[in-house]
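*Asks:* Have a look at this one.
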Amino acid sequence: MVQVTSFLLVLCLALVAPGLSARKCVLTGKWINDLGSTMTIGPVNGDGNFGGSYHTAVSATSNKIQVSPLQGSQHPTKQNSQPTFGFSVKWSFSGSFTVFTGQCF
């Protein structure tokens, strides 16, 4: 029974481990938050930089809300399996900007 249990444990590790090591932080795509704001992030280049757009669903201004550009950076995933990232949005409809930070888990 011990040999069968050991074999099953090794088999499970062999099947599960490649999936765990292949996981990485993928920011690229369309993101929607709880308030209905949408963000689209383009591909992250080799230096960890990316661009995209943000369309907020909430604003404190009476100006018409417009899609706004974002620029960001992510630590290379090779250095950290749970990399940090940050991006800023320059609001197209006001004179302000917002900075966001996060970490992939």
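Each Cβ is built from the backbone N, Cα and C atoms, and glycine gets one as well.
From a predicted model like this one, the values you see are computed outputs, not experimental measurements.
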*Asks:* Which of CYS12, CYS25 is the other half of the disulfide bond that TrEMBL records for CYS104?
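*Replies:* Answer per the record: CYS25.
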*Asks:* Far apart in sequence but close in space: which same-chain residues, 6 or more away, have a Cβ under 8 Å from CYS104 (disulfide bond)?
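*Replies:* Long-range Cβ contacts: LYS24, CYS25, LEU27, GLN82, PRO83, PHE85.
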